[in-house]
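In what follows, a structure is listed as structure tokens, so that the remarks can point back to it.
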């Protein structure tokens, strides 16, 4: 069982409050905590030593070692009877898995163009990058990141989310089985004193660790707060309550903690249960935590009212402290850093326009119209960030001060890496308003991407959207296929394709069906259910 967490209201409270326990229990708790910390230290030392030994080897030796390991795993699997069969569960009713023909020829032609772009991106990956995370479309070879440890967050939203969506859309058991096998490998990441998972885990050893740059070894809000959708579906499909319990433990821990100005800081130390530096963002490091609160409510057929209340309270604080209007009348979402509002908005933050629209229905105090309007204002601001560049593609981040509005200032913020968030917001705004400008803005993005990012080996990000002759970064990001092109395709499809009443998209745009929990029994007690 997880150890007691820090008491609400004080960052200086010791991790364990023992004044209410008998002496023997105090001693036992202290011994158990110290034992757990010793194990974590020993695991990390062992992992560090293993990494050092690996780094002494040549690339060829490492490749040979990996191939040997793969062969051994394959042979071991043959010897076993195979994975334990999963319990049969009713397949949620799948609505809107159809063509989604938009009807008029003009939009059908545009959708066909997007389909052609998807085929070019996918065929290039198949030809040049098969077996790797992504393709380098100019070098025409595979592109993979660190081979020693994986990101719990990225594996969950990209791989597990993708496999679960593939299972629901196809009905093929192999996708479900693979999702569960991979999810089991992530569970050791939760073996921390607080139950807040490590950012990374070694899939072979189960040893976890955090990013070195993240506020004194903290875990990141957007990472440990973006597991709920997939983990609830894993519990539903497997009957194993562990997944559901892990994410509900995170929610309960956060509910007990003090929040400065009602805001959630981006960093939380998994050893101590205390916040790291007080930096709050609706963009990178924070974004999908808020998204998954809303989507937990939607995915539960609007029965998870605790998630909805937590979302509403968080958005109220964000509106009060982070959302402002520029001198030129553009609504933007800044970042809170140690009591100061930085008047800068990231491309990642642009997803929030769609989130506000998606959460408008069900808002407290009859504020549905207000949040739909707020979504429209964010969509407009983000479109301006595209429109004010030479390439008509948006920069990574843009400022609202010193007379500059919706424009990147630093060179290292002028790049576009095929990101989807602006188009995601266009799609949600289209679904809820049917204002034709959202399709117009989406088509502008299609034309710009096809003109400036398309190369013979796929699509590449560009390093400067303000240059008429930009250089490429030579990476075709996997989210370009999963999100950017998918949202564009849906933008030019009818609303009958994957209707939002029946499907909730995870943060990597993988559609998961709403679970009508009145007809479903999750494992555990009545209270847990």
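Each position is counted from 1, following the chain as shown.
Quick reminder: no glycine exception, Cβ is built from N, Cα and C everywhere.
TrEMBL labels come from automatic prediction, so no person has curated them.
The region 'Disordered' annotation in TrEMBL covers 51-109.
Positions annotated as compositional bias 'Basic and acidic residues' by TrEMBL: 51-83.
Sequence-distant neighbours of residue 154 (active site, proton donor) (same chain, 6+ residues apart, CB-CB distance under 8 A): none. Look at TrEMBL and you will find 154 (among others) tagged as active site, proton donor.
Look at TrEMBL and you will find 287 (among others) tagged as active site. All protein chains shown were included, and the count of other CB atoms within 10 Å of the CB of residue 287 (active site) stands at 25.
For residue 350 (disulfide bond), applying a Cβ distance below 8 Å and a minimum sequence separation of six or more within one chain yields 378, 382, 385, 394, 421, 422, 424, 425. Annotated disulfide bond per TrEMBL: 350-382, in sequence order.
Here TrEMBL flags 396 (among others) as active site, proton donor.
The active site annotation in TrEMBL covers 421 (among others).
When other Cβ atoms within 10 Å of the Cβ of residue 507 (Ca(2+) binding site) are tallied across all protein chains shown, the result is 24. According to TrEMBL, the feature Ca(2+) binding site maps to 507.
Residue 396 (active site, proton donor) sits 18 Å from residue 507 (Ca(2+) binding site), counting Cα to Cα.
Geometry remark: residue 507 (Ca(2+) binding site) versus residue 287 (active site), CA distance 10 Å. In the structure shown, the C-beta of 421 has more C-beta neighbours within 10 angstroms than that of any other entry among the active-site residues 396, 421.
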